[in-house]
């Protein structure tokens, strides 16, 4: 086998490191990491040294006389295992330790080499005598094979040469024992084959295997079945690949042996452990049996739990689709859609139908009606999430273990280089480990000529077509000429795009393209969506912004050397998606090579920089939350960069037509040649024993694509194919099912085959077979984008909501609702409006590609991943501008994410949808469509009640709301707090009004937008590429919000000090002013007595009384005069004890309470949006709650007034609230913010549960208006409650107001209060109690059902508290 190649791949210094590089250039050293199998050597023991030698020549003991049933091996065949070379022959020079590169830099090795277990000694055998003079355990190391999990044996013997071991930084990579030799000639290591007991057969396996788990061991019955199956006559291919049992027994002759294959014995072929994936062997005799016996011989796999049983469609043309229930609006992949798992849409829009097809259609209709009747009672089942179904099938512990197994790094090796690559150190260029040979260069030229330039040649052969220009094109041209220099208020081409942009004209223009493949197949044009241009921004706006694929801090990358693997400058990552739903298909792309099947499992990504400190990429597609993992692994070496680029252009440009996916960046398109930021390699693998993988070399993939590039139905064979038996034709059609075929020059060029039909419409004319493709019409062209349907749908939803909240529903209203529902159903059933379409194409001109839909499914995840990685790399540039490095990178991304942003495809969304519909899997499994708005929806009274009824989490919980409004809510409180504190200390003589004026000037959005511009946040913000933020005023407002979110993120992860430093640096550019702002003086009372002023208590009766309050609350103030000033009312004049009253402290205390309450709500209420959090905070930090807490603490008894009589005075609610806020400020000044947190944890936050259960977060006036709006009549202005003042009595300083509230001309409530506002609140509360509002009753029932036990406990506590004073009075009596 390829021992020498893999030997060099694995252990050349500078090439055997985790990414397969290590040579030139300044590169940070790998972090210190110590594998678990290292063992400390004795201090006096010298470090072990190892010497690896290439495999020895075949032993003469291997002779043809001993194996008469086998052909003699070819000269380059290496037996397993080879004996040690005799000293007379002279061993080959050992593998060089250091490549002969100039200025080659080695990575730092570990202090001691790893202790690997030595190879067990070979068993005695007459054909394999032990080599004399060879130390035990010494041998070659041709492959990267992990060591068995065994106890550590004694250390290996000392060898004359030392090797530097290098380990990947991210995970432990296991290596084989130094003495492991995969080519030892030990014929007795394995039992003889069943075919010839006297013939020794050899397996390329480790000399000892890992112990298997109990549940993985094959039972005797299964082993017997496995052996029986091995001797059956199952072919592995068609045509010349068909091999009978007789041929398998006699082996392959040397002259018929393929030069690129490696000779393997029948024992080896038959007993190779089955792969972890499905083994898709093709058979011409037993079509159904092959799947059955594959299931029996397949080994346990972690992907099996996610796979569904493969259901054949038989000979039927198509299966009926489920009818769409009313109100269901399916959309394209990544949007809301509703499909079934195994039903396909019926063919429609067919011009010519044969009689047999009409009979089939009648059967389809019957099955459709029968299926719809059976499903009528279970509409909601279709909305069940795929993740929930899988959670029921698979236990949670098992799912977690399987996902860990999926993400666990594996040891890999490449298939043979076959003279396409050279790994000779003398041939290397720069820091490569593999260089392409002239044979590989010829292969690249052939691939580029036959496949790479095929599309361009076909387009050039067609006559050019100039599309007619629309008014939008003229506006864009005029906008680019003027550069928008005169338009300061807008960054869009027009202020009213809806008036200028004619969507219908744009769609007609795309439909009129002469090269269009079919009317119902939509294609991609650069910079265009299905209904017009992707970007309608001005030329000035296109020069910046993430939405234009311009990532700050990106620089052009020097091109890689095309004919080498550039191992020293590329970093390799394996890409995998979890969960694997919709990515593991029943028809994967399989490449047969050397009697093995290599199954497509995803892509490898090569980056030019290490992907450190980049979080996982999460995206919603098919209504399922996916996570894209990029796992660092050992680099597969047999590839060259030019081969990767040829494949990428073939797949992404010619097949998928992703024209708007730019991996270089628009800024570098016209610059000198530069390299793409990422290279991609398809991974075709087969599983090896002990959990390893063999990756197919890149040249074999290109050869496979060249072999597959043949006509789908050759013109010269049409007549022959039409004469095939039905079974033979059905098998060919099944093989083509799911295949991607291409018609060069058409739009779109490639499509997936769902059915292949050879029925002839005209018996006199032979026609090509028909390709049937089941596609999805774009949303803009189906009922989902129809303005009439949208208008009718909105009116239907509004009427349904009104009837649900109406106390009495009229029969006419019910009929009106039913009529609208029926009208919606009719629109959905129109052929021109259906989402599912059936496309029929002639197979003439179509070519096979060898690619199936699973490759396209994985490929469409790559734009999302590359956008995610590039964005997080540019955020590192933002870290430098901020002066703070975030540890939680997702938190920084969240701060930059505007609510309008949605990460769907990472590029032009219509391009991705079209490519998925044309080339993706036919019927993806969809999750619950609610996943899109489950945590994002915040409109509607029902959503408000649902969210506001949720109690807080006991432990801090991360939020699932993926935009920055919540962080903006927190950052706003932080900015207000910092501003208030600094102004309070810097201006000790300024009154509350002046402080509030200065604070308003600092925290207003216009000023915060200026600070955001200093950080260039507009270049980093993520927001929708549309008209939302086109106007400069809207963009400035969004930038101010983004700045507040950034301050909140810094405060949340860093500290208050970090947020203070950042805010100070941005406020003042002058270092002196910044120093004044940041280093403010102490409070005047603290400056008078720097240490403490408690010595004044003895001489001051006022302070003596305050010590009682200190004992009551358990806090001893260092400067007790601060507490005295907090309790000094405004009516008290200036005195030397307090130096003023408490109005300034009230200003500071309000900001402190806002910050502490905001942080608590942000952490413990993760499902609440900004508006919901504001409602909760308003219920906590208001005069009523504050006055209640102050009264419970008895603060009114310690209030310092100018009343000489010292009589107890009943303070107003506002005065009590001011006392509490002033106390909070004094507590912060004397202690710190931690004391305030503790105080509010005890006195305020426990009240939240009562506020939520009683719905006290909603004031009576707002609640009454909400209830009245639910009773509005359709087509009329909604009736709202009106308040009228009926009476005003009392003097001017103590008046009482009487207010009544009217609804629809009827008085429904009345209230009294010391102010008009309080009287209106009383009137609204009275109306809610007396008037029978259905919405109010619904809210009460909702809370009662949800928190029945909590409400009982709360009522019991309230009754207990009310009885306590009465019991105390009875005891006194």
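Glycine too: its Cβ is placed from the backbone N, Cα and C atoms.
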Per Swiss-Prot, 535, 537, 548 bind Zn(2+) 1; matching candidate in 982, 1007, 1025: 1025
Candidate from 1146, 1159, 1306 that Swiss-Prot assigns to the same Mg(2+) 2 site as 1218, 1221: 1146
Co-listed Zn(2+) 2-binding residue [Swiss-Prot; alongside 560, 675, 679] among 513, 518, 608, 629: 608
According to Swiss-Prot, which candidate in 965, 968, 1111, 1170 joins 1041, 1044 at the Mg(2+) 1 site: 968
Sequence-remote partners of the compositional bias 'Basic and acidic residues' (447-459) [C-beta within less than 8 Å, at least six residues beyond its ends]: 646, 649-650, 653-654, 702, 705-706, 709, 744-745, 749
Rounded distance in angstrom between the Cα atoms of residue 1214 (site 'Important for activity') and residue 1221 (Mg(2+) 2 binding site): 11
Remaining residues near the recorded Zn(2+) 2 site, that is with C-beta within 8 Å of the centroid of the site residues 560, 608, 675, 679: 557, 559, 566, 569, 570, 606, 641, 676, 677, 678
Per-state residue totals over the compositional bias 'Basic and acidic residues' (447-459) - DSSP helix, strand, coil: 12 helix, 0 strand, 1 coil
Pairwise Cα distance for residue 1218 (Mg(2+) 2 binding site)/residue 1041 (Mg(2+) 1 binding site) [Å, integer]: 30
Residue among binding-site residues 679, 1025 with least C-beta crowding, 10 angstrom cut-off: 1025
C-alpha spacing of residue 548 (Zn(2+) 1 binding site) relative to residue 608 (Zn(2+) 2 binding site), in angstrom: 22
Which binding-site residues sit within 10 Å of residue 1044 (Mg(2+) 1 binding site) - Cα, from 535, 560, 675, 1221: none
Proximal but sequence-remote residues of the same chain as residue 1146 (Mg(2+) 2 binding site) (Cβ under 8 Å, at least 6 apart): 992, 1218, 1221, 1222, 1225
Pairwise Cα distance for residue 535 (Zn(2+) 1 binding site)/residue 679 (Zn(2+) 2 binding site) [Å, integer]: 27
The domain 'RNase III 2' (1106-1232), counted residue by residue under DSSP: helix, strand, coil: 80 helix, 2 strand, 45 coil
Other CB atoms within 10 A, centred on residue 968 (Mg(2+) 1 binding site): 23
